[in-house]
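Chemist: Got a structure for you, questions after.
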Amino acid sequence: MIKITLKDGSIKEVEAGLSIFEIAQSISQGLARNACCGILNGKVEDLRFIVNEDSSLEICTFDSKEGQHAFNHTASHVLAAAVKRLFPQDKLAIGPSIDNGFYYDFDTEKSFSADQLNKLEEEMKKIIKENPEIKRFELPRNEALELMKDEPYKVELINDLPEGEVISFYQIGDFVDLCAGPHLMAVKPIKAVKLLRSTGAYWKGDEKNKMLSRVYGTAFPKKSELDAYLEALEEAKKRDHNKLGRELGIFTTDENVGQGLPLLMPKGARIIQTLQRWIEDEEQRRGYVLTKTPLMAKSDLYKISGHWDHYKDGMFVLGDEEKDSEVFALRPMTCPFQYAIYNSTQHSYRDLPVRFAETSTLFRNESSGEMHGLIRVRQFTLADGHIVCTPEQLEDEFKNTVDLVKYVMETLGIADDITYRFSKWDPNNTEKYINDPEAWENTQNIMREILNHLNIDFTEADDEAAFYGPKLDIQFKNVHGKEDTIITIQIDFALAERFGMYYIDKDGEKKRPYIIHRSSIGCYERTLAMLIEKYAGALPTWIAPVQAKVLPLSDKYADYANEVVEELRRRGVRVEADHRAEKIGYKIREARLERTPYILVVGEKEAENKEVSVRSRKNGEEGAMPLADFVNRIVLEIANREN
């Protein structure tokens, strides 16, 4: 007998050699029916996995993240089975689960139409109704290659596996797929499925490879859950910054300008200007000094920093080292430039910390499949900065940086929407990271200790660090459920030495400083996208590009409307007047669609009494009030940065 420690701490004795599913059956038939996978000794395992020793075990149902992934992973195989039934000539690529669903990539002659997606969905339902058993089996490499000989992408995946790796397959009826799992015991629990869309995707995410057809879908154990999800998806589409931002005239794109290069229109530029002025003033108040550095540098600079070795593929390089005496690259970051400023003068320990800040235009050569609206672009604006400090100052400076980020998030009204991720290196990925295990271990321990001292609730993620050190990532989910990093705070253990940076300590000795890479608001474009989605375009008054719109009832009141505009502008309010010869109801509706915080209607009565008739986004129609009172009210709201 072996002892199984369950999630609630209770211990159950079972025979050795039982599968996770059989252990679930011994606990409860209901639990077994709803089981999707298990977490055995901290690792997600298939329900068929055999347990031979004392272990901790959690049975995962659809209510857990792990259970949902196994559930949707199985649904992706059902989709692949349906494709092979209806389009047997199509070739299989990969079909993982993702947050809120799954996708599968196929090599097909043409992308799937809406009609074909409907047919595939119906075929999936037929397969589920047939309820074939799901079987798992393993094969030696030569037999696996023979089984998959007609599936070139599967053959490539098998050949990519290291020698000695387990090669496993899952079978649903007569459909067999190469897969590591985990999967459900049967397809019957999939009661509701929906194929959402088809897009293009490069094999292995590399645009040098063939473009495949990717089908996205989602699945649930209850139809009511699917209906609720689809309803939420429709709401998300309404908030999608890529759609709403264009409708509101915040940004646009042009194919002749290029992908990943959005054009900020006057409204979008005004929003970013507002945020930038606020951030620069706040950073100055907190002791930062401003720098202004070039948009490009010689390759020599990036070779010193290590970016040339670890990040060259993500850079825009100007020139050819084999032909040109000097090769330049557009900067993907600001750090080496600010290090050059630091090195231009000698520093005593009394001069530290030095806090550099810069509103930096940066360039990154993102692949076409990665780019999306304002969230992932090739040119962006970052509230960048670097703190050079002594080891004794590191914790306080890190704490102050986190404090600034929290202040910014609270002021923007999104403090409750963010999560913290401690991103660490992967010691097996020496191409991506500086290979100094001792320094990595030491720096990661320092950061973990600081985060614990600050009582920050964080998760840990391997292989997500910067190449020169660990980082704290502030994460935000977009309307589609995808998690994006909006701000990072990094501890750098390597670049001070590479750039020969030092300070003179109290004994007159040269010492290496610590460096904190940080941002206060992140990439302005990404933050703008996040705010559009958070507020469904109805940005807080202090951020809104147009804070008030004045609507005269007719041309007779144009002069008074202009007088109202002038007074508001004099007090720093962003205001416009709508003098078009349209009916007032039409102009009010249009101003509402533009998410204007305040609509001010002026006619004969308002002109005579020096009033404005106020319609606010928050309270609706408020009636007439003295112009002076309204001006004071909106100025105070803007000054307080109310959300």
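Every residue number used here counts from 1 along the chain in the order it is shown.
Backbone N, Cα and C define each Cβ position, glycine as well.
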Chemist: Suppose a student reads Swiss-Prot and sees Cys335, His517 listed for Zn(2+). Which of His372, His386, His453, His579 should they find annotated at that same site?
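Modeler: Only hit among His372, His386, His453, His579 in Swiss-Prot's Zn(2+) site, alongside Cys335, His517: His386.
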Chemist: Counting Cβ neighbours within 10 Å across all chains shown, tell me which of the binding-site residues His386, His517 comes out on top.
Modeler: His386
Chemist: What is the set of residues, excluding Cys335, His386, His517, whose C-beta falls within 8 angstroms of the centroid of the C-beta atoms at the Zn(2+) site?
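Modeler: Residues close to the Zn(2+) site, other than Cys335, His386, His517: Met333, Thr334, Gln338, Tyr339, Phe356, Asp384, Gly385, Gln490, Asp492, Leu495, Ile515, Ile516, Arg518.
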Chemist: Please give the average pLDDT for the domain 'TGS' (1-61) in this predicted model.
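Modeler: That stretch averages a pLDDT of 93.
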Chemist: Return the residues near Cys335 (Zn(2+) binding site) by Cβ distance under 8 Å, restricted to its own chain and a separation of at least 6 in sequence.
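Modeler: Counting only residues 6 or more apart in sequence, the Cβ neighbours of Cys335 (Zn(2+) binding site) under 8 Å are Ser305, Asp384, His386, Asp492, Leu495, Ile515, His517.
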Chemist: Which state, by DSSP, holds Cys335 (Zn(2+) binding site): helix, strand or coil?
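Modeler: SS state of Cys335 (Zn(2+) binding site) = helix.
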